[in-house]
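Below: the structure, in structure tokens.
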Amino acid sequence: MTSSTTSSTDTAVLVLAAGAGTRMRSDIPKVLHTLGGRSMLAHALHTVAKVAPQHLVVVLGHDRERIAPAVEALATDLGRPIDVAIQDQQLGTGHAAECGLAALPEDFTGVVVVTAGDVPLLDADTMADLLATHGSAAATVLTTTVDDPTGYGRILRTQDNEVTSIVEQADASPSQRAIREVNAGVYAFDITALRSALRRLRSDNAQHELYLTDVIAIFRQDGLSVRARHVDDSALVAGVNDRVQLAALGAELNRRIVTAHQRAGVTVIDPGSTWIDVDVTIGRDTVIRPGTQLLGRTRVGGRCDVGPDTTLSDVTVGDGASVVRTHGSESLIGAGATVGPFTYLRPGTALGAEGKLGAFVETKNATIGAGTKVPHLTYVGDADIGEHSNIGASSVFVNYDGETKNRTTIGSHVRTGSDTMFVAPVTVGDGAYTGAGTVIRRNVPPGALAVSAGSQRNIEGWVVRKRPGSAAARAAERASGEAAEQALGHHDDSQGS
């Protein structure tokens, strides 16, 4: 990154986010569509915040009632003020920039950077390079070269390679449309020169709009300096206009995220099937297996084994844990714990160190202590389980009575038999046991054995009498006959001896 000669305290940034985004064909405002776990607007504002400008303004127009709360939330998240300017009528990018300038203090005399809310991969290094190139020029524009320039404004240069103007796609001649160097839509301006040029913009073009790009030609006519900074990596300045482009940039962002984790010491077995959001952290020597999605603010420690076919959203995984074929959200998995396969961790789950949640276990709002095992086929909801306990297969924590959710408390070193039902609210004391098939409706004292099932009673011949002719009845009759023959044979042998 080139060091900037412009202090961030002399810089204001305008983020243009007023457009309707009709090509998205969506009821969601375009800049609120997400990739990598952030909205496009969030990507833009996170990048700008790293440059630390003195002033930051977001220009809103279409759907501003829905976007403004997102801006407010991002201001809180970033810990800095963000002003909002309103473009009541969408009269073009030049008009949007004018609306943004109106939100700046009248005595501000520094550099104004104008960028867009739909350029999600733009990074702080590129913005810093723009400012370093700009110096004392009237304008500096980021450009890039693309294979297919359709839809972009073309960069026109003199024989001496000086930028003379930017011509939009709709207004370009056939020869101009063949130019592959395009406007990236990110600029640095001297604020005095920009204000003067904006007052002279005209809408006599194909779209009848006030183009911000037209200020470049005005600067040149006034004899002012115009500079360009070429961005070799065109993805950094690519915009999103439809869902195809959103998916393409999402895949490119994911590729970069996965590569960064690999270079930091994480093994990703199949990068093509692995999705990692931008705010996810992963420790060294962790293995990420195919089909894994790590979303939101998930935190994975070192030496973990995650996947295959696992989705974790806002989950913290301790060092050395194993998580296999699991879907989890807003949960905590302790160090050295094992989860899966086919485990569902709902919000509020906290599994202690060296604990286990096995096959076909579902948990919700439950704290499970260190070393405790819930091996298989169990629902644990609204519960607190102590350390080093074992919950038998097919157990159910009956937490809902039709009106309210109630909690179950299980102590430490408890052993529960298979198919135990805990009807909340109920407490099982430390060291207690429950028999298989027990329904726990009352508290169990520490060290007690709880058994609720009565004595088993066998009704002989019930199937033959009640289901005559059925396959079960025929099988029972055959088995009874064979048993009778065996008994007779045994009797004859006894008589013969």
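Cβ atoms are placed via backbone N, Cα and C, with glycine included.
Ser418 is the only one of Ser412, Ser418, Ser452 that Swiss-Prot places in the acetyl-CoA site (with Ala393, Asn399, Tyr400, Ala436).
Taking Cβ-Cβ distances under 8 Å and a sequence separation of 6 or more, the neighbours of Asn241 (Mg(2+) binding site) in its chain are Gly21, Arg23, Met24, Asp118, Gly151.
Residues 24, 33, 35-36, 120-121, 235, 238, 271, 274-278, 280, 282, 284, 288 of the same chain, all 6+ positions outside the region 'Linker' (244-264), place their C-beta atoms under 8 angstroms from a C-beta of that stretch. Cα of Arg346 (UDP-N-acetyl-alpha-D-glucosamine binding site) to Cα of Ala436 (acetyl-CoA binding site): a distance of 27 Å.
Closest to Lys30 (UDP-N-acetyl-alpha-D-glucosamine binding site) by Cα-Cα distance, out of the binding-site residues Tyr400, Ser418, Ala436, is Tyr400. Mapped onto DSSP classes, the region 'Linker' (244-264) shows 20 helix, 0 strand, 1 coil.
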